[in-house]
Every structure is written in structure tokens, then in C-alpha cells.
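Visitor: One structure, pasted below without further comment.
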């Protein structure tokens with residue numbers, strides 16, 4: 001039986017069980033190596049360019065006076081070695097990569113895991129039916145009895161809204177720091193690579209280097225609209241060649257300058273380094289921190305590859321090449337204390353191969369910048385899908401790879417801020433301080449969220465999470481404290497950028513949540529709806545009315561607002577809610593929930609379209625026809641359920657609000673009485689779909705005037721996705737055996753489809769009351785209103801044809 005919960009009813013027999021979770025088969029070793037090779041260009045472009053500026057950032061400050069001491073130089077290398085061993089290798093490769101969200105990674109992936117396995121979410125519009133999605137829970141997850149201390153922690157986070165708000169702000173702060181990397185990485189990498197020109201070109205001034213870097217940055221951002229797929233085949237070869245070159249240069253410097261640097265692999269040199277340098281050594285950790293920049297990309301870009309391929313690439317190539325390069329630079333520096341520390345990497349290059357290395361270094365810097373910019377687009381899309389960022393334009397640059405996207409607005413904002421940073425700072429030391437601050441902040445946020453995932457998702461217990469938090473959190477806190485010391489010297493920039501981005505995200509989330517709360521409080525009661533009778537007290541005109549709102553349950557107040565001012569509506573009404581759920585992807589056969597509102601005579605239905613934070617809503621250009629098929633199948637399923645229940649259910653009103661089922665478009669439509677034919681080649685004709693469930697033909701259709709207007713609109717709108725014009729006809733041979741009530745209902749549905757489809761978009765606006773505080777007025781009336789007016793409209797985002805759109809608005813005072 002279907003549950004009769006009026007809010008969250010769901011038919012279990014039409015869903016895939018929670019245990020039926022997609023577990024991808026292990027890759028063949030050849031495919032694994034290919035993926036590992038490809039990941040080098042996308043994931044490790046930023047991390048592989050760190051040797052350009054690590055030693056420069058470390059010895060640039062007060063540690064510069066220790067350059068002549070071999071033990072100090074060896075100590076710096078030992079700190080770098082154990083840093084990239086503990087954090088990128090041990091923490092990320094072996095632990096964090098296991099915390100994937102159905103193959104996706106990043107800060108929001110950890111947050112989505114938490115809100116699904118514990119009630120930490122502040123997102124509105126969630127239903128219990130969402131928990132029936134096959135990928136909602138982690139495979140093997142089963143709710144267990146919590147220990148007292150764990151139960152107290154869970155209860156505290158679930159009961160107190162401020163604690164959940166703090167968790168959300170922490171996630172937004174981590175995401176904003178990653179977005180800040182999209183500004184700092186191109187500036188740092190490109191400027192560092194071009195600074196090598198000054199080593200053997202004394203006539204080249206620093207201003208000319210900055211100008212040349214700005215030109216390259218403008219070209220880099222201008223070419224983003226082409227997408228990474230057009231140049232992706234160059235990424236991996238460039239990075240692999242660069243890494244092999246780093247390893248070769250490292251071995252050369254070790255052999256030629258100081259083979260004794262191998263001793264610095266011992267952690268004894270770490271202790272000796274801090275004992276000898278004291279406070280200066282602690283402050284220099286801000287430069288050592290740059291050796292980990294780009295580490296977060298291993299987890300953030302997990303959706304493009306597999307965890308195994310990223311592990312193979314790091315352990316087999318990235319890690320040994322970086323270790324050899326840092327070791328080689330330390331060997332060179334220990335015997336060349338008088339070298340220019342600002343160009344330490346280029347000083348250590350043998351002169352005959354200087355220019356080839358400089359060219360490859362520049363290409364590697366561009367590749368690393370490209371990868372971070374693309375990752376920024378993905379994070380913005382995730383924030384938008386989860387209601388934490390204003391809607392922006394998203395363009396898919398690849399028909400084969402779903403994750404390759406481009407956002408024009410975000411791209412140009414990143415370019416302007418990146419140029420401002422490059423011209424304003426003009427120094428890689430200041431940019432490096434900002435870069436290190438962003439890197440340390442993201443790692444601390446990831447560690448905190450991972451500890452919560454271990455407790456609530458992996459169910460490993462509070463002790464294991466505490467050990468993880470103590471082991472890695474303490475190390476990262478030391479680096480963060482060193483980065484904070486450099487806030488006056490450029491470290492303030494990522495904090496300032498993060499405050500602005502978090503403010504935008506939280507204001508948008510707050511306004512969206514308050515608006516949804518008012519929609520829920522003001523929705524139309526079913527008693528009022530039933531009192532109107534089958535005609536709803538209005539004139540029912542031919543056609544289907546698709547009423548879009550953000551309510552997944554109940555009738556929105558916008559409906560009563562509309563019929564009060566214009567007492568006429570379509571003979572078939574479908575309340576459509578397009579909402580995001582906190583999982584990466586919703587499979588096509590689980591995407592649509594279909595239900596009924598009121599008795600059968602009302603001809604009112606509900607369609608909840610669910611998509612994940614990696615899916616793109618509004619990409620279905622055949623939604624009208626698919627919706628008719630799904631409603632027809634729902635009517636059949638409902639009738640079959642009533643017949644199986646017997647006369648008792650048949651005599652009662654079984655068509656009540658809340659009975660919803662997952663209805664997917666079947667491959668064999670004949671089992672629901674529908675048969676679809678391919679569209680005709682003539683665009684003025686329509687394809688024929690035989691409806692065995694229907695009983696009467698509709699001789700009408702759209703009026704000629706409406707057809708000509710739509711044809712004119714489609715011809716004048718090149719970007720408009722033309723929907724297929726499908727006509728439903730009668731198959732009298734099979735309609736005779738149908739239940740009369742089903743036959744009558746589907747006949748009305750077919751007749752309404754032939755008359756045309758109209759889209760009614762409900763808008764609700766919020767304004768602060770006169771008695772509200774100044775902060776609320778500033779947030780709602782200024783900031784939120786500005787963001788709402790300057791972001792993409794929901795009709796455009798959902799690909800709704802403008803020619804058939806009616807927009808209705810209401811204002812709430814908060």
C-alpha cells in the first residue's frame with residue numbers, strides 16, 4: 001500500500017531500495033593508468049608548480065640570515081619533506097579521498113554527507129521521500145545506537161539552530177577560500193614563472209614582467225569560453241614533462257652540489273631546525289606552507305576521476321618528483337649561499353637548458369591556473385544548486401564530459417580581481433602570503449568536517465575522530481598560526497575575499513530560506529480547496545497550466561492570489577516544484593515524484609523534479625510531453641492499487657493529497673497504454689502518439705494565432721531549445737477494457753494537452769518591516785534585493801519558453 005502521509009507519501013514499490021546502490025566495478029589496470037595519466041594535467045597542475053616559490057617564500061624573511069648554514073638549509077628541506085608526507089600523502093591520499101559523496105569530492109561533498117546522515121541541514125524544501133533515493137545514504141550505512149557522548153553531540157547540533165548555522169558558515173568559508181584560489185593561483189603561478197626572465201635578462205624590469213604576466217592572464221581568462229576539452233589533450237603531457245624535468249634537475253643538483261642532503265630525510269633535522277632558528281623558523285612555515293598549495297584539488301576534482309587513479313598518480317609520479325626537486329634545491333642552496341633567493345629555482349638550472357625549462361615552467365603555470373579556474377566554476381555551481389549562491393549562467397563546454405562547465409559572470413569577475421592582485425601586489429612574496437593563508441584555512445575546514453564525517457557517516461566512534469583531529473589538526477593549526485602572522489603582509493587578502501563571498505552566500509541563503517518559510521506558512525489549506533468544488537469556483541479554460549513554485553507540498557499562496565485577481569484557470573493544473581537534494585546526481589528514473597492534489601474531479605496534480613548539486617535543472621527540452629506520460633502512468637498505478645485494495649478502498653476517496661510515487665518514463669510505454677512515434681521530418685507537422693488510455697479524440701489544437709506567434713518566437717530566438725510538438729490520438733481498440741474513471745481522466749488530460757500548455761511562475765519577494773533593525777534592512781532590502789535583481793531569473797534557469805510564461809508575484813514582510 002502507498003503511505004497516506006499527507007506531506008511525504010511515497011510508493012515503496014516504485015522506488016529502488018536503499019541497498020541497491022551503484023557500486024562501480026574496479027577498473028582494469030590499463031584504464032586505471034590512463035585515468036592516472038589524465039589526472040596529472042587536471043588535478044596536479046597547481047601542486048606541481050610549487051617548487052617555483054617554496055624556498056623563496058621560506059628564506060625571504062628573517063630566516064635569510066641562516067642561508068650560509070648547511071644544517072638550517074637541510075632542516076628546511078626536512079620540514080618540507082615531512083609536510084608533504086603527512087598532509088598530501090597521508091591525510092588526503094589515504095584518508096580524505098575515501099570520504100567521497102558518490103564519487104564527488106570537495107567541501108560541499110562533506111557537508112552533503114553530514115546533512116544526509118544527521119539532521120544538520122538548514123536547507124528548506126526537504127522531504128522524507130528524498131531519503132528513499134538509492135544514493136542518499138552511504139553504502140553499508142545503518143543507523144546504530146550512539147554512545148552517550150556522541151548522542152549528546154548529535155542532539156546539540158540538531159536542536160540548536162545556531163550550531164547548524166555555524167556549521168554552514170564554516171562550509172561556506174571553506175568554499176570561499178577555494179574560490180579565492182581561483183584568483184591567487186593564476187597570479188602567483190604566472191608571475192613566478194615569468195620572473196625567471198630576469199635571471200639572464202638584466203635589462204628586463206619588474207614592471208615589464210608584471211605587464212607580460214597581465215597579458216597572459218587576460219588571454220587565459222578570455223579563452224575560458226572555449227572550455228578545457230579543446231586544449232585538455234595538452235594538459236597531461238605538459239605536467240608530466242614538467243614533473244620529469246623537476247625530478248631530473250633534482251637528481252642533477254643532488255649529485256653535483258651536495259649528496260649529503262639525503263640525510264635530511266631524517267626527522268632529526270626538523271627538531272634541530274626549530275631548536276636552532278626558534279621564532280624565525282616558526283614564522284618561515286608560511287613559506288613551507290606553499291608546498292601544499294593545490295593539495296585540496298585532489299579531493300575537489302575527485303568527480304572527474306576515481307580515487308584510485310588519483311592515488312596512483314600521486315604515489316607513482318607526483319610525490320617522488322617533488323621530493324627530488326626540493327632535495328635538489330636544498331643541495332644547491334647549501335653550497336650557494338650567495339645566490340639570489342628570489343630566483344632560487346631558476347638559479348639552480350644549468351645554463352644550457354635554462355630557456356627550455358623556462359618555457360615548460362610557463363606552460364605548467366598556465367595549466368595549473370586553468371585547472372583551478374575550472375574548479376571554481378564547479379564550486380559556484382554546487383553553491384547555486386544548494387541555494388547558497390545567486391543563479392549565474394552555466395555553459396557546458398563538452399558534450400561528453402558533464403563536469404566541464406564555464407560561467408561568464410564568474411570568469412570576468414575572477415579576471416578583474418586577479419589582475420587587480422597582480423598589479424596591486426606586484427610581488428610574489430605578498431601574493432604567496434595570501435596564497436598560504438587560503439591554503440591553510442581550507443585544510444583546517446576539511447579536517448574539521450572530516451572528523452564529523454568519521455563520527456556520523458563512517459560511525460567510527462568519537463575516539464578515532466579525535467585522534468584524526470589531533471594528529472592533523474595540530475599540524476595544520478601550527479601552519480595556520482604562521483600564516484596569520486603574515487596577515488599584514490598580504491595575508492589579509494584571502495580573508496577579505498572570503499568575508500565578501502561568505503556574506504553574499506549567507507545573505508542569499510538567508511533570504512531564500514525566509515522566503516520559503518513564508519511560502520509554507522501561507523500555503524492554501526486543503527479544506528479551503530475542497531470547499532470550492534470540482535470547478536474550484538472559477539472558470540476552467542482548455543489547456544494545461546504548469547504552476548511553478550518552490551513548495552514540494554501543499555498549494556502555494558500564489559495560486560489563490562492569481563485566481564482572486566483573474567478567476568479563470570486551466571482544466572488541468574500541475575504544481576511543479578524543481579528542487580535540489582543534497583546528493584551529487586539524481587538518476588533519471590528517480591527524478592520525478594508524481595502525486596495528486598484533491599479528488600480526481602479536480603484534475604490537479606503535483607510533480608516534484610529532484611536534481612543533485614551536480615545536475616543541471618531545466619535541461620529537459622521535452623518536459624511537457626514527458627509530464628503527460630508520467631501523469632498517465634501515475635493514474636494507471638493509482639487505479640491498479642485501488643483495484644488490489646478491494647471494494648473498501650474503491651468506495652472511499654483514495655485520491656487524497658500526499659500520495660506520491662516515483663514515476664519514470666518507461667522504455668516500453670505500451671504497458672501504460674501509451675505508444676510514441678518519432679517526430680515527422682516536416683517541422684509544421686506533429687508526431688503521433690497513440691494513447692490507449694484515452695477515449696475521445698480532440699479535434700482542436702493550438703489556435704493558428706498562437707502557433708504563428710510561437711513559430712515567430714522560435715525563429716527569432718536562436719538560443720531557444722525547440723520542444724517537440726507531439727499529438728496524442730485515440731486507440732479505441734484498447735480503451736474499451738479500461739476503468740471508466742481512468743478513461744475519463746486521461747481523456748481530459750489528452751484534451752488539455754492538445755489545447756496547449758501555459759507556464760505560471762510564482763515569485764515571492766521579501767522586504768524588511770519598518771520596525772526591523774538596520775542590519776536586517778541592509779541585508780534584505782539592499783543586499784538580497786540587489787542580488788535577486790542581478791542574477792538569472794528562475795524561468796531562464798529552468799529553460800521555460802517565454803512565449804508561454806505568466807509570472808505572478810507576492811510580497812512578504814519579514
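From the backbone N, Cα and C atoms, a Cβ is placed for every residue, glycine too.
Quick paste of what TrEMBL says about this protein:
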DOMAIN    35-529  domain 'K+ potassium transporter integral membrane'
TRANSMEM  72-94  transmembrane segment
TRANSMEM  166-184  transmembrane segment
TRANSMEM  204-224  transmembrane segment
TRANSMEM  231-255  transmembrane segment
TRANSMEM  281-300  transmembrane segment
TRANSMEM  312-333  transmembrane segment
TRANSMEM  353-373  transmembrane segment
TRANSMEM  434-457  transmembrane segment
TRANSMEM  464-485  transmembrane segment
TRANSMEM  491-508  transmembrane segment
DOMAIN    542-812  domain 'K+ potassium transporter C-terminal'
Visitor: Establish whether the number of Cβ pairs under 8 Å between the transmembrane segment (231-255) and the transmembrane segment (353-373) reaches at least three, counting only pairs separated by 6 or more residues.
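Guide: They do touch: at least three Cβ pairs between the two stretches lie under 8 Å.
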Visitor: Run the contact check on the transmembrane segment (353-373) against the transmembrane segment (204-224): 3 or more C-beta pairs under 8 Å, excluding pairs closer than 6 in sequence.
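Guide: Yes, since the transmembrane segment (353-373) and the transmembrane segment (204-224) share at least 3 Cβ pairs closer than 8 Å, they count as touching.
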Visitor: Can you tell me which parts of the same chain pack against the transmembrane segment (312-333), counting only residues 6+ beyond its ends and a CB-CB cutoff under 8 A?
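Guide: Same-chain contacts beyond the flanks: 32-33, 36-37, 39-40, 43-44, 47-48, 50-51, 54-55, 59, 67, 73-74, 76-77, 80-81, 84, 88-89, 93, 240, 243-244, 246-247, 249-254, 256-259, 261-262, 264, 291, 298, 339, 344-345, 347-348.
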Visitor: Restricting to CB pairs under 8 Å, which listed stretch, 72-94, 281-300, 491-508, is in contact most with the transmembrane segment (464-485)?
Guide: 281-300
Visitor: What residues in the same chain, six or more past the boundaries of the transmembrane segment (434-457), come closer than 8 Å to it by Cβ-Cβ distance?
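Guide: Residues packing against the transmembrane segment (434-457) from afar: 57, 87, 91, 95-96, 99, 107, 110-111, 113-114, 117-118, 138, 141, 150, 153-154, 170-171, 173-174, 177-178, 180-181, 184-185, 188, 286-287, 289-290, 292-293, 295-296, 299, 421, 425, 464-466, 468-469, 472-473, 476-477, 479-480, 483-484, 486-487, 490-495, 498.
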Visitor: So which residues does the transmembrane segment (491-508) touch in its own chain, when a touch means Cβ under 8 Å and the partner is 6 or more beyond its ends?
Guide: 168-169, 172-173, 175-177, 179-180, 183-184, 286, 383, 387-390, 417, 421, 433-438, 441, 483-485, 779, 783-784, 787
Visitor: If we skip the immediate neighbours and take only residues 6+ beyond the ends of the transmembrane segment (204-224), which ones have a Cβ under 8 Å from one of its Cβ atoms?
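Guide: Counting only partners 6 or more residues beyond its ends, the transmembrane segment (204-224) has Cβ contacts under 8 Å with 186-187, 190-191, 194-195, 197-198, 231, 362, 366, 369-370, 373, 406, 411-412, 414-415, 418-419, 422-423, 426.
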